[in-house]
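Input: a single structure, listed below in structure tokens.
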């Protein structure tokens, strides 16, 4: 028996329930550079002090359980426990508060988003002492960031691969998303790419259904890519969705895409899971494939204001797990988001260092230590008349993705793609000439109509 164990065992063991705050509420604690920091929005049951509930969150997401156990004496709780180190009220919400929790780095497996989330959010959200709980933000320490590969390639490498600079990239989701045969699907891909788009996209629920098996879709889309490249002289791509029922099948589809010579594949990272996503990201880096990420199912997790997890946390997790693009909301269009809040997590995706800024929803300063950036994808419900606002809001390092805004053109798919490309280039040219896109956007688009269907 080690001296450490002998000493602790000699103190004795007293069973029973004790208040969490006696062990896990430590307002005097000074956070370490190696701690993972979390900001939780807590809505407690009536009559429970904030200190007790904040401590309960720290305990139940780290080393604690509902009672004292004798094996507590066999380890160092001071080394491994989570600590609620600060509590602040939520303006305008009398019953809510923000609990800040620090987790020692030793609690987490290196390079595993799966393990990080299992610890921090895996159990505590069902805690009956809380009416609701929402994870607003995480600070990932440099020491932990460096255990992740991150995106397969990143923004600059993608631009170099595509030879496209100085403007946002243009995409289109093929519609109807379900029911087309592989050949008709490939025809729509060709028409959009030939018209001037950089990418087309499988919808998130296009996998390998009876009406269109994945291998047939991959072959017809590859034919469309090569034909449009030959005719336009530009590099083109289609987000071939490799998401599958097993990791093995997913990798098999990615291997086939690589053998076809296409530049990019796609994954539904929340429904597919972080373990699968990280595996695919590693394969993509090793084999020169870009990786487009769809966030299908995100609203189940992030839509409720008081419960769940904010998308900025899912965005940080995606940058760690790996993806070159991720859908981020539009600020305009069918799925609007608060502008400042959206741009806050867009910066967390793209930039190397982001300062704390509560007005933009950024609770912690985040240093990514040169982890490659991720291109935000603005999509759903947008069209050419949104182009000035999108160009101004998202800047060059983004993907602007029009589904119905391309395929819904009265003259067909190719004219719809031409209209998008002309509108984008008109907005970029006007911006570079110093014109105000917010004030003159409508006029700029009307001028561009002279040269576009």
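Cβ coordinates are placed from backbone N, Cα and C, and glycine is handled just like the others.
Matching 325, 327, 409 to the substrate binding residues that Swiss-Prot gives (123, 173, 177, 295, 379) identifies 327.
Of all the binding-site residues given, namely 173, 327, 379, those whose Cα is no farther than the 10 Å limit from the Cα of residue 203 (Mg(2+) binding site) are 173.
When the Cα of residue 173 (substrate binding site) is compared against those of the recorded positions 201, 204, 294, the shortest separation belongs to 201. If you measure from the Cα atom of residue 177 (substrate binding site) to that of residue 201 (Mg(2+) binding site), you get 10 Å. For residue 123 (substrate binding site), other Cβ atoms within 10 Å of its Cβ number 11. For residue 204 (Mg(2+) binding site), the spatially nearest entry among the binding-site residues 123, 295, 379 is 295, judged by CA separation. In sequence order, 203, 403, 404, 407 constitute the residues six or more apart from residue 175 (active site, proton acceptor) in its chain with CB-CB distances below 8 Å.
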